[in-house]
């Protein structure tokens, strides 16, 4: 028979067993990662599985490590064999186009031949300028050859070059701009007008000479660049005449212009005579030589007029300004 004491003890034992079982089923406390505090956000490291990190994956102490940038979708395109083949094909087409352009340019202006006219040094420039201003004492005017090719200008003072003409042309434009500035007439448009005017007269002069050589059937060894060089040496004389006007006004200008015209004509006459008259053997009566001589004389006579036409407005205005100031 169960007594009250036994019933009470049985109930206590049952209650203690239930409490003990609930304590055993209680969930464990959360394990926090990286040795830090509680994790407030979910782990999202595997949301984008295609992103590849360069370096070590995140782990304990990740704040002290530096991770690389994730790869972008363009890397897959660059790594595609078809894309690499297309890029290589494009580079091949570009190289072929460059070769075609160079071949087309070589038909009109040969770069290798153009370099010949700029093969100069300081000694050549000084001697050439002295020859243009003082050609009366020079005796040997023939151009020297090396295996049927003319030697570079740095080795032959009689060889034509384009360095001095190009530098003289630029200096003439700058000098004209300075003179216009002294007259309060300077503007960028004026520099363009002077440059285009000088180039236009040079082009017309070359066209007339080439046409005359063709019509008169004059044999010569001159090339277009040779004629360009000889016709452009007048810019050196133009600079000297304009600079003289700054010191001696219009009187110095006309004096220097007359002397430079004489020296330039003598220089052209002795230089071009070797190329024109020596090969003008069109008939047995010397008709080709006479035509060449006439053409050469006309060329020499025209140079002073072109020099005066391109510089007269600069110098005459300076003279008027000086008279007004007095």
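Using N, Cα and C of the backbone, Cβ positions are placed for all residues, glycine too.
Those TrEMBL annotations? Automatic predictions, nothing curated.
Looking up the ranges 227-247, 248-268, 269-289 in TrEMBL, the one annotated as transmembrane segment turns out to be 227-247. Looking up the ranges 15-35, 36-56 in TrEMBL, the one annotated as region 'Disordered' turns out to be 15-35. Proximity of distant same-chain residues to the transmembrane segment (193-215), defined by a Cβ-Cβ separation under 8 Å and at least 6 residues beyond the stretch ends, is recorded for 169, 172-173, 176-177, 224, 227-228, 231-232, 235, 295, 299, 302, 306, 309-310.
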